[in-house]
Every structure is written in C-alpha cells, then in structure tokens.
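Q: I have a structure here, written as structure tokens, and I will follow up with some questions on it.
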Amino acid sequence: MAKRIIYNEQARRALERGIDILAESVAVTLGPKGRNVVLEKKFGAPQIINDGVTIAKEIELEDHIENTGVALIRQAASKTNDAAGDGTTTATVLAHAMVKAGLKNVAAGANAITLKKGIDKATDFLVEKIKDHSKPISDSNAIAQCGTIAAGNDEEVGKMIADAMDKVGKEGVISLEEGKSMTTELEVTEGMRFDKGYISPYFATDTERMEAVLDEPYILLTDKKIGLVQDLVPVLEQVAKTGKPLLIIAEDIEKEALATLVVNRLRGVLNVAAVKAPGFGDRRKAMLEDMAVLTNGQLITEDAGLKLENATLDMLGTSRRVTINKDTSTIVAEGNEVAVNARCEQIKKQMDETDSTYDKEKLQERLAKLSGGVAVVKVGAATETEMKDKKLRLEDAINATKAAVEEGIVPGGGTTLAHLAPALEDWSSTNLSGEELIGANIVEAALTSPLMRIAENAGANGAVVAENVKSKPVNDGYNAATGEYVDMLSAGIVDPAKVTRSGLQNAASIAGMVLTTECIVADLPEKKDSSPAGGGMGGDFDY
C-alpha cells in the first residue's frame, strides 16, 4: 500500500490536531462537576460514561495522521491505567498541555532533544517531590475517601470498598459482578473459593438450599482422573473409621467411582462429596498445590511418586468447614499460617518475575485466595447503561484504593501538582540552563492544567483558581464540588500518590516523543471504487 510521508512542522501540527481532539473529549469528564460522554455502539444501547481511558479507546479519526496523534496520547492514558488503574484523564490533560507548550518552542527554533532532556529532568525531580509529599494510609477512613473521589464523589462506594479492604486485606481480590437488584451490595468470602461445584447433586447435605456443608472434613487432593472405585477403597475405609466427612477434589470422577460414592453417601456409610479441580493444565496443578498448603495435606500426584491406592490419612488435608453448591466451593481452613505465608512469598516472587499481565492477574487471584479471601461487589442499577457506567467507576475506585495503600496519598483535585510548580521553578532555575530550562518550564506550565480544567468544568475561572491555590499552604486546594478553598486532606479530597506520579511520568514520556518527531509515515486513504452498474444502467456516468 502507498504511504504518505510528512516532515517537520507539518508532521507535528497534524499530530497536535489529533491530540487536541482526544484531549478535549476526555477533559470534559474531569473533576466532581465533569460531564459525561455518550458512546454510540454498533449494537445495543449507547453507553454513557465518565471514564477517560474508555473514551480514549473509542476515538478513531478519518485522517490517518491525526489518528496517530490520538493513538500517542491514548497510550499515556492506557499506561497510567495499567500502572495505577486510575488518573487517566489527568494524564491526558497533562500530556496535552506539555505538547501544546512544547510545540510552540520547537516551532520557534528550540532543539527538541534538549527540550526533552529538560522535561525528563523536571519529571524526575517532581517524582521525588511527590514521594516526599505522600502520606501513608493509616485507617479505613482514608481508604474510603480515596474510593469516594475515584468513584466520582460516591461516598457509599468508598465506604463499601474500605469495608472490603478491611476484610480481605491488602493482597485480597475485590471483584465486580453485575448484580440482580437496584442496590450495590458487598459479599465477602472467607477462605479459599473456586468456581467448581459438586459433581452430583446427590452430595448436597442441605436439600432446601442445595448445598453440601462438611464440618471438619478430610480433603483428598489428586490431579488424576478417578476411574476405578478400587483406587479409592483404602482411603474411604480409613476415613469411615474416623467418622469424619471426606471431600475429594480430583481432575474428574468417572461413572463407576461416582456411583459408589453417591450410594455410600445416601446410605449414610460415609458423608462424602466430590468436586472437579479448578483451572487447566499447569494452573490446575498449581491451584491444587495451593489447596494442599492451605489444608496441610499433600497433593497425590504420580509426579511425586504418590499413588491413590497407597494414600494414608496423614496425606489428607483438613479444614474447619467446606461449603459446596452447584457452582462454587469454599474451603475455610485455619492454623497453617507459616506454610501459607511461605507459599504467598513464592507467588509474589513469581509475580515480580513475569511480564504477562494475564499471568500477573491469575497469580494475584491465587495469592488472594490463599492469604485473605475474596470480596465481590455486586453492582446494582436501574438500567444497563447506568450499570456499565457504575461498573467503570467502581473499577477506578478499587484500583485507586489499592494504589493508595501501596504508595500513600497526596492532596487531590490537582492540588499537589499545582503546589509543586513553584518548587520546580526554583530548582530548575538553579540546576538547569538554556533549552533544558525551557523544557522544565514546559512541565511547570503544564502542572496547573488538571486543576484549571477541574475548575473550568465546575464553572470557575481556571487561571484565577490556579494562582489562588499556589499562594496557599501545601495541603490547601480548590474544592470544585462546593467552590471553596479548603484543606484537602481534612476535607477527604485525596488522590493516591501512585496515580499522580504515573500520570505525570506517562504524560512527560508521550510529550517528549511528540516533540522529537520529525517525520510521519502513514497509509494513504484508500480511494473508494465507483459503484458498479446495475442492470441496464451505465455505472457512475451521466448520460
């Protein structure tokens, strides 16, 4: 396919046009009085949302060159979303402000490479300053405040997430599901829960609720298919003598063995239940090993030279209680902290070593199931459109609270960046010179842009608000919801330091790339073929 090649100023201006379009679409959502954006969908109802990165992903322009600008700034939003899970709109607004100011300097003859060096040095200085300003989270109240701000000032959501974090701990997983009612509810599962239910409904001990509840059972874990009942007989006899229930978790249990277990259960010889092992392949084996650690048992696998027919009672795991329904099983174990902690450390090391986001997610789930448990937020809403918007806000809130626990909090509402502008000005004027200093000044000018946009979305004069905030003490900022200047930490208007930091770093990175662009190679728009002639017609000709 033929390409179009554009150089110098023309190339940078084309990128700028794309960046302007995306930044404006996303910036309208910033702050407590930010507006919504409606996304048209090819199928189904339009989506009304307030989430920067989702809007950015939807924007595609007809002009290939302008679209390249959109893709570049979308990357700043996506990278911030990947790192911190929130702050995507702030990153977009910052990147846009840096690009606008930088392009003016490049057009006036400044050296783009030296400007980029100045931008990078200023960013490194600011990252250190953000670390100094951040305050560690001390109580669930601060977590609730973080969640409230990230969810678009929804206090109920903030409190719910703080409760969930309290119950499942820092390593726990908080997942979102679409609820069946109008209200948003929180459900916390203690212990390890996995998505496999009983193999046969005849294992249910509570026929009204169709649940199998086993108190203080033995747990047999194996990664093989159980086909012959003879393999199970030695274990069944040993467990029957103790009078305790037995849970079997295996790859599968085939008809003959299953029938024997069901008959024993119905006759009251042995209270037994069987469940298929969760996951596939290596992941299934890893989850079974996790369960073995949790229940203080052994995974009976031929890889370790263990056979089912030779299994003894001391190879079986134990737990306080097991609850199984048709879809899920929950094991509540206790008293094996040392081994569980060692296993958790091992999983954390694997998380540090892997580059795959998917693997990280799965390892995080395993870690949560072992260490804390799982909290499920069931999102309730009147319509599907509202449900989708709520779900995105909740996702942001969960990510923001996790980021806050990791790196602490800073005053929100664009306040921290605005207060850092004078500090950057002092530092850069003594440590930088020439065009590097101009690069630092570009960053300094951009630092107030999120605050200005928040104020403008609330109907105030952004430039006036920014100057007022700069002259006030470090923690004081502009509360756009009420139009007052307040102590942001006392008012509960906080941002995770990680969100502020990663937004700034990604914005500076993209701005540097745009400023140092000298040539763009893009596809030429395809010419549409003229429509073919219909029967008795002469194509696109006028006769």
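In case you wondered, yes, glycine gets a Cβ from its N, Cα and C as well.
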Q: Could you look at GLY147, GLY158, GLY413, GLY434 and say which one Swiss-Prot places alongside THR29, LEU30, GLY31, PRO32, ASP86, GLY87, THR88, THR89, THR90, ASN479, ALA480, ALA481, ASP495 in the ATP site?
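A: Of the residues offered, the record points to GLY413.
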Q: Look at the binding-site residues THR29, GLY31, ASP86, THR88, THR90 and tell me which residue has the greatest number of other C-beta atoms within 10 angstroms of its C-beta.
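A: Answer returned by the neighbour count: ASP86.
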Q: Based on the record's binding annotation for ATP (THR29, LEU30, GLY31, PRO32, ASP86, GLY87, THR88, THR89, THR90, GLY413, ASN479, ALA480, ALA481, ASP495), what whole-number value in Å is the widest Cα to Cα distance?
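A: The widest Cα-Cα gap among those binding residues is 20 Å.
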Q: A 10 Å Cβ contact count, applied to the binding-site residues ASN479, ALA481: which residue has the minimum?
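A: It is ALA481 that, of the binding-site residues ASN479, ALA481, has the fewest other Cβ atoms within 10 Å.
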